[in-house]
Amino acid sequence: MNQTLNSSGTVESALNYSRGSTVHTAYLVLSSLAMFTCLCGMAGNSMVIWLLGFRMHRNPFCIYILNLAAADLLFLFSMASTLSLETQPLVNTTDKVHELMKRLMYFAYTVGLSLLTAISTQRCLSVLFPIWFKCHRPRHLSAWVCGLLWTLCLLMNGLTSSFCSKFLKFNEDRCFRVDMVQAALIMGVLTPVMTLSSLTLFVWVRRSSQQWRRQPTRLFVVVLASVLVFLICSLPLSIYWFVLYWLSLPPEMQVLCFSLSRLSSSVSSSANPVIYFLVGSRRSHRLPTRSLGTVLQQALREEPELEGGETPTVGTNEMGA
């Protein structure tokens, strides 16, 4: 990741060399689409933060969604700022701000991935061990986990910045080691745990819903949809960060991979609010004038639904949604 950041001049050189070519045109088109996606995503995540932070009663799961929306908003803001700075003259001040925005983007990315891993793992535990989870789960576990993840990601990215920044004491050997630790953490721990827990959750809830003739809860759909979108759209950015340094790709190919990974990651961070409101508005023909807050609250509801769409008066979390 940091090796890629510090070698970003290769991409800039390729862009300067290929001005007027098909590659440069593709870069401009993809960057414009990414900027538009970032602006839409910032609006959507800001709406989620406003509703969850000031307009709704929050259950423990909503704490995760609130923090995930904040991480996505920070990622999209830094991505949009980076895209804007690329059009400015490369003076010394702009270079420093450009690197700051990239560091901020990597920080927000790791926070978002960590939160998604925590969300999918917690939901998996809640369906595999419902009684134990309900009785032994600390009251403020969600807030503690979110605070811990933000702190750990801040420390990790602060450490990498101290070793890998072009404007601080750059140490290539230490930067390489820190880069490998980050790669192992993201690609070898967080992503596999998130994928495995989500797959387990899907299989368990699918079997339970068929056995008890209940529809999966909307919360279950939200979790799986968010993880799936991340794996499809945002994971390529990690692959770009960690694979590009090892491969001697032509400059034109680097530009295309660079642009496509940014566009796909911006789509991933912008998609979650859309998922919440689409899932929350299912079967909304009975209440066609529901507010956005009500729709969001329905999407994050933990109670299971019966086949006809009713919510049981006394529900458990045993079937997993």
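In case you wondered, yes, glycine gets a Cβ from its N, Cα and C as well.
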Request  = Determine from Swiss-Prot whether Pro138 and Tyr27 lie on identical sides of the membrane.
outcome  = no
Ask   = For the transmembrane segment (60-80), which recorded stretch in the set 113-133, 143-163, 258-280 gives the largest number of Cβ pairs separated by under 8 Å?
value = 258-280
Rounded mean pLDDT for the residues that make up the topological domain 'Extracellular' (240-257) = 73
Key: In contact by Cβ distance (the transmembrane segment (113-133), the transmembrane segment (258-280); 3 or more pairs under 8 Å)   = no
